[in-house]
Amino acid sequence: MLNAAGLSLDQAPPIQVPFSFFRLAPLFALLAGAVLLWDGEVVLVSRWLAPALAVTHLLALGFLTQVMCGALFQMLPVLAGAPVPQVVWVGRVTQLTLVLGCLALSWGLYSGGRASLMLGGSLLGLGLTTFVVAVGIALTRARGVPQTLRAMRFALAGLVMALVLGLVLLAGMLGARITGLAGWVDLHLSWALLGWVGMLIIGVGYQVVPMFHVTPAYPRWFTRMAAPLVLAALVASTGLVALGKAGLAGWALLPAVLVLAAFAMVTVNLQRRRERPRVDTTLLYWWSSMGLILISAGLWVLDGPAELLGVLLLVGVGVGLPTGMLLKIMSFLSWFHLQHPQVVARRFDVRFPHMQVFMPEGLARIQFAVFTLMLVLLTLAGLSSGSPWGAYLARGGGAAVMAGALLLVWMQWGCYRTYQSISRQLG
Amino acid sequence: MALHHRCDHLLAAAETQLQTGAWPSMVAAAEGLIAAMLEHFRVEEEQLFPQLAEVFQAAASPIEVMCSEHAQMRALLEDLGAAVEAHDQGACTGILETLHFLVQQHNYKEETVLYPMADGALREAGVRIAAQLSAE
């Protein structure tokens, strides 16, 4: 018997739950930009240096994971009829521990402080476990498109593996003996980027790409094999690292990288066949992200510099794609929640502005232009790292990261202010 | 479900006309969209939902939600009609964008929950009726 309760409007979490995640996330991009500006001469020289590790975690946890957590709390009830239990409390605990844990860990990585590292690891362990358990429970009750749900479950497994490996590496930094450290670091990175982020982009993409721009659905041959292949490659790579064969472990990831590249090509091809003609900023962010995934896959196969890959994937895709999605999601949620009392009353006496008013397209275009500038500067910095020019370019890129983040904060603030002012008018 | 896709196509067609800036064709496209959507709501509310509610009581709550969302979309379609009449391109863009998102999340709920529910419940009812008929 199908669960009829899955369709209650009240199952969508209060707007504050996703919004608090969305609104705090750009501040971490701002901090990452500040580190780039401050330490421009070293950040992109080596991924093993302290400022590079701090920037990576500020963006991966503070920006990207924070947005993804907020989005999942919102999406699961709507797309899968699966509300997260006790979402308000779970949301608060997750966010508080994620935010403080990310700050402590990043400071610990930057300064080498043992207490900060320990505090960061503990808080992140607590927060992400809370998140995984709550979302895991919701996913066991989920209905809907099986391929999307499977990719989301695998993504959650990716987050767990990235967390466990991260904690093991932290123990190593604090004195525990780990043989073949570089292999384990790469594995942590692979589970985080391909498992958690990659698989979630694939799962969410199956839903939102056809939905946002009215495109054909993803082909069955792709949706059937994509997520299992990524997972299989990650498991194989983990086994090889455990056996001490780090070199082979890298190549075991090839199928996962090829799946992501295929995802990018299929997505762009579907969007080329879209029926909605408008090229909005969200679409521009999708195109830039898919292009960057393709370039990154090529660079990875050619054994390109890891720092450049980090820029393209973490800054380009990791900051870009969520930003593009936020432009749509925040506008729609504002409008949708404002309408809720009228929907319940089945009376639509009060008419208020439509979606585009909450996040004006003109501002979004400027934000995308700043993002593009930032990407160009940081890519050039990555290519010329170590030279005096590299430092200037990295600092310029850092300033652009900060400008882009501030613009996003400004737009989000405008969206929330409009929401509140209409909400007050409605009484 | 085919009707949902038809409405998606019509909405996209209205957006295409809006981009060209040719108001006569935009008026025709918007009228086509409004008529198709209202007709779809009517079929669901007058035929599918009452039959489903009769054989499957648990469907009452989701049906209530779907009807509220129909009302919400009707209000937006009225706004669209007014914006088209006023040749207000900005308003039309915003309304179509909002309508698109509302329709997508509404259709998703209908297609993944309500329609499978209707498939199961109405098929069971069909089998029961057929059995009764053959027993007589």
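Each Cβ is built from the backbone N, Cα and C atoms, and glycine gets one as well.
A TrEMBL annotation is a machine prediction, not a hand-curated record.
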Which stretch does TrEMBL mark as transmembrane segment, out of A:44-67, A:116-139?
A:116-139
Tertiary contacts of the transmembrane segment (A:389-410) (same chain, 6+ residues out, Cβ under 8 Å):
23, 26-27, 29-30, 32-38, 40-41, 43-45, 315, 319, 323, 326, 363, 366-367, 370-371, 373-374, 377-378, 380-381
Out of A:188-209, A:308-327, A:363-383, which stretch touches the transmembrane segment (A:248-270) the most, going by CB pairs under 8 Å?
A:188-209
Test of understanding: applying the rule of at least three C-beta pairs under 8 Å (pairs 6 or more apart in sequence), is the transmembrane segment (A:282-302) touching the transmembrane segment (A:363-383)?
yes
Same-chain residue ranges lying at least 6 outside the transmembrane segment (A:188-209) that approach it to Cβ under 8 Å:
60, 64-65, 68, 71, 75, 79, 145, 147-152, 154-159, 161-162, 165-166, 169, 215, 217-218, 223, 226-227, 230-231, 233-234, 237-238, 253, 256-257, 259-260, 263, 267, 270-271, 286, 313, 317-318, 321, 325
Sequence-distant residues near the transmembrane segment (A:282-302) by C-beta distance (under 8 Å, 6 or more away from its ends) are 209, 212-213, 254, 257-258, 260-261, 263-265, 267-268, 271, 308-309, 312-313, 316-317, 320-321, 323-325, 327-328, 368, 371-372, 375
